[in-house]
Amino acid sequence: MFSKSIIAASLLTAVTAHQNFHQFWVNGVSPGYQVSIRMPPSNSPVLDVASDNITCNVNGNVVPSGVNTTAANEGDAITVQWDSSTHPGPIQHYLFGPVDDASMATGIGSWFKIDEYIEVNGTWASNLMDAGNMSYTFNLPTGMASGEYLLRSEMLALHSAQTVGGAQWYIGCAQLSITGTSGDSCGPSIELPGDYNATDPSIYIPDIYYGFDISTYTPPGGAVATCGASGSGATGAASATAVATSAVSSAVASSSAAGVSSSAVVASSSVASSVLASSSAVLPSSSVAAIVTSAPSTLITATSAPAATSSAVEVGDDECEA
């Protein structure tokens, strides 16, 4: 019989392995901790891909959202930071819009993928992020239409993907007002909910612990979109110019959160100089009382996996339940 202390310790491990998207930076500047993000009521995963929660997490479809919207320009470097987790899997990013008012957008409907980061040399993106302060940087596409958007950050945990419905979805949505240069749309797009299926081979992986080759893995959601007649898709850490963040921390205070956040940001080699020189990285709402913080510039590349992470998945992770 298990002792109460052992059971309690197991439950604590399961909960602390869960995660939320809690901060982002635009060209190295953040509007604040949990600012412009629709925060869910807990850090538990979404399990039902057919539910509305697959869009922006629990309560993420409630409008008006009561969340401020942060300004950005097409092509800007976006850094997201998540809570630490040992769960293996990819990270992807989508946009919903343009809309007139992001705070009134439910997120139910058409999304287009702007970034995906899967693995490097047999190490999952999530494990690489864990070695780099759980931060990851990509660029918004060019050729976008101006307007307000929902930015959906998705971490798919595959440690229980050997059973149908076992994959865990960690999702957070931020509100952005993006200035673009085109009136054209971005595509291809997918429907959420609708285009994710629990039995898709990218979601249900029976052999995840038995010889599965993650270098052959293709995440759900289709191809990364392109925008405008002469625009481009986003540039993420899966490309040759992308980089992952280092484990450099700085305290970030917020009037809406009493906790402390570690921050780190990177830019791709093609935009590094503009990131450092940008004077219009972000325009927080005047109602935002959080401190706007600059992120450190120390970088590590994501072209090789850390030596400490040698396996695709850790068997012990599948004990974590929602």
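All positions are counted from 1 along the displayed chain.
Note: Cβ is positioned from N, Cα and C throughout, glycine not excepted.
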Point to revise | Same-site Cu(2+) binder from H87, H159, given that Swiss-Prot records H18, Y170 | key: H87
**Study point:** C56, N68, H87 filtered to the recorded positions whose C-alpha is within 10 Å of Q168 (O2 binding site)
**Key:** H87
Review point. Which residue, of the binding-site residues H18, H87, has its CB surrounded by the fewest other CB atoms within 10 A?
Key: H18
Practice item. Can you grab the distance from H18 (Cu(2+) binding site) over to N53 (N-linked glycosylation site)? Cα atoms, rounded to a whole Å. Key: 16
**Study point:** Top Cα neighbour of Y170 (Cu(2+) binding site) in the set of recorded positions C56, N68, N121, N133, N197
**Key:** C56
Review point. Where does C56 (disulfide bond) sit in the DSSP three-state scheme?
Key: helix
